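Chemist: To start, I am sharing the structure in question, which I have written as structure tokens.
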Amino acid sequence: MSKALPLRLGVNVDHVATLRNARGGKHPDPVRAALAAIEAGADGITAHLREDRRHIRDADMARLKAEISKPLNFEMAATPDMVQIALATKPHAVCLVPERREEVTTEGGLDVIGHHNTLAPFIARFNDAGIRTSLFIAADPAQIEMAAELHAPVIEIHTGAWCDAVEAGNAVKAEAEWQRIVAGAKLAQSVGLEVHGGHGLDYATAQTISALPQIAELNIGFHLMGEALFVGLTESIRRMRAAMARGRQALEATA
């Protein structure tokens, strides 16, 4: 069995910005939410500057970089304009994601095979700038192997299909998607990639995936912010950290 890596929680604050933008003005402030999340135990903050600026804005990203004390993970489409903004912002990491204007949220993993010629120079520029690049991809062996060939140090496995199947009670599909994640995490680690997970995770699925020894980080936003409406952000994050700890403890018990 692989030795379990330390497990980090990245909190995504996009949905705070969505709520702010629904009415306009400055409140609620995603930077304030990020600071509160760090106070509550987040190891880092994730924010997605979409091309249509539907939630996070350029000024938010600049403030996050300037004001938070933990690493900033800058989610972005792989476009020349976004690359320039990210290089100017100098976050700890960037996560390259697919992006379509008509989607409500990121619907699938990045096709790194089909776009390798575009991605390669971007990844090289980030590596040269000391910015870690993560590729948000499905747990597909060919995509994982291409990520390694592109010299991206990190992948984030898209957990959405698995989480959706779990929520829908589709046990057969959930098990199939879970086995893809398990195999993908093992393969990724074997080819030298750091493995993260994200999209659609809640307390239960976060606990389950935390038992995979290859997973080093989970990036979670929507569930945390939704639960925060009822229990507060601090308690929502505390419960998530507890769920992740239970998953790691289950792993240690079987080691």
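Cβ coordinates are placed from backbone N, Cα and C, and glycine is handled just like the others.
Feature table excerpt (Swiss-Prot):
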ACT_SITE  His48  active site, proton acceptor
ACT_SITE  Glu75  active site, proton acceptor
ACT_SITE  His199  active site, proton donor
BINDING   Asn12, Arg23, Gly200, Gly221, Phe222  3-amino-2-oxopropyl phosphate binding site
BINDING   Asp14, His15, Arg50, His55, Thr105  1-deoxy-D-xylulose 5-phosphate binding site
SITE      Glu156  site 'Transition state stabilizer'
Chemist: What Cα-Cα separation, expressed in whole Å, is found between Glu75 (active site, proton acceptor) and His55 (1-deoxy-D-xylulose 5-phosphate binding site)?
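Modeler: Cα-Cα distance, Glu75 (active site, proton acceptor) to His55 (1-deoxy-D-xylulose 5-phosphate binding site): 12 Å.
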Chemist: Taking the residues Asn12, Arg23, Gly200, Gly221, Phe222 listed for 3-amino-2-oxopropyl phosphate, what is the greatest CA to CA distance in Å, to the nearest whole number?
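Modeler: Roughly 25 Å, rounded to the nearest whole number.
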Chemist: Out of His15, Arg23, which of the binding-site residues has the smallest number of neighbouring Cβ atoms within 10 Å?
Modeler: Arg23
Chemist: Just counting, how many other CB atoms are there within 10 A of the CB of Gly221 (3-amino-2-oxopropyl phosphate binding site)?
Modeler: 23
Chemist: Using DSSP and three states only, what is Arg23 (3-amino-2-oxopropyl phosphate binding site)?
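Modeler: DSSP call for Arg23 (3-amino-2-oxopropyl phosphate binding site): helix.
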Chemist: Do you see any of the recorded positions Asn12, Arg23, Glu156, His199, Gly200, Gly221 whose C-alpha is within 10 Å of His55 (1-deoxy-D-xylulose 5-phosphate binding site), and which ones?
Modeler: none
Chemist: Please state whether DSSP places Asn12 (3-amino-2-oxopropyl phosphate binding site) in a helix, a strand or coil.
Modeler: strand
Chemist: Which three-state DSSP class does Glu75 (active site, proton acceptor) fall into?
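Modeler: DSSP assigns Glu75 (active site, proton acceptor) to strand.
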Chemist: By the count of other Cβ atoms within 10 Å, pick out the sparsest of the recorded positions Asp14, Glu75, Glu156.
Modeler: Asp14
Chemist: May I ask which of the binding-site residues Asn12, Arg50, Phe222 is closest to Glu156 (site 'Transition state stabilizer') if we compare their C-alpha atoms?
Modeler: Asn12
